[in-house]
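Engineer: For reference, TrEMBL lists these features for the protein:
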REPEAT    6-93  repeat 'Solcar'
REPEAT    101-204  repeat 'Solcar'
REPEAT    213-302  repeat 'Solcar'
TRANSMEM  215-236  transmembrane segment
TRANSMEM  282-305  transmembrane segment
Amino acid sequence: SAIQPKLLPAKLINGGIAGLIGVSCVFPIDLAKTRLQNQQNGSRLYTSMSDCLIKTIRSEGYFGMYRGSAVNLTLVTPEKAIKLAANDFFRQYLSKDGQKLTLIKEMLAGCGAGTCQVIVTTPMEMLKIQLQDAGRIEAQRKLMPETVGPGTVPTKSPTAMQLTRELLKEKGIAGLYKGLGATLLRDVPFSIIYFPLFANLNTLGKRGAEGPAPFYVSFLAGCLAGSTAAVAVNPVDVIKTRIQSMNRGSTEETYSGVTDCISKIMKNEGPSAFLKGAYCRALVIAPLFGIAQVVYFFGVGEYILGFLF
């Protein structure tokens, strides 16, 4: 990041603000991504991102697009904060006397950041996916009754708290961490690609050898690095979404783990299924990380701490 906040709290505030702004802007696209990824052949309700959003507004109203956003807004602050602060920590730890990091060390720092963040990411995504996908199951029941088993009664959408209680009661803490392996397989490679790519793109835009790059360079570098990393790990994101979804139509496959999920998707839907929702994910991640880098760049956290203390 352009400015090195001296204080960990400042870094955490920066990461949190960035996450809140970013999620508020792009959550409907993220909802479309989850629903597109969860559709299996034979139960295709949505043809594209715009089709999904239009149908969601029609059947669930405008706020239907924000289903599950409360979970994200609550947990994105610690998640983004952990990710950005951990990357900074590992970069400082790995750099000898402030020298420029080698690419391998940059990738190692990214790997550390990705590993740390799954503590928050896994339960957050687990809850968010159930809430986002509830509307798809509901719409299938109305529009494609043949894909939903006979005798299934329409259920009222659960809240995040009800889901958490249910999962903890039935499966303990492990219930919230279902899909941990797939989340690691997504977030570690993502961070390994994203952070070095961002640092190098950002360096290209620097005015002089010493000064930081202008904020719009940080924004564009964040967008470009974010969307590249997002598309690169999309196949694992599809697997993660499928594994973490608890509710299914009667004609839809269930999966016991990562390898089972890969083989069933390959057999039933072909390799192109692994790219489902890829452009949605790029559209979600690009502004999310662009905004994150700008907030980080301006060191908003330092100003807030300075104001408070």
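Don't overthink the numbers, they just go from 1 along the chain as shown.
Cβ atoms here come from the backbone N, Cα and C positions, even for glycine.
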Engineer: Could you tell me how many residues in the repeat 'Solcar' (213-302) are helical, how many are strand and how many are coil under DSSP?
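Structural biologist: The repeat 'Solcar' (213-302) comes out at 70 helix, 0 strand, 20 coil.
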Engineer: Going by DSSP assignments with H, G and I as helix and E and B as strand, what are the residue counts for the repeat 'Solcar' (6-93)?
Structural biologist: 73 helix, 0 strand, 15 coil
Engineer: DSSP on the repeat 'Solcar' (101-204): how many residues come out helix, how many strand, how many coil?
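Structural biologist: Across the repeat 'Solcar' (101-204), DSSP assigns the residues as follows: 85 helix, 0 strand, 19 coil.
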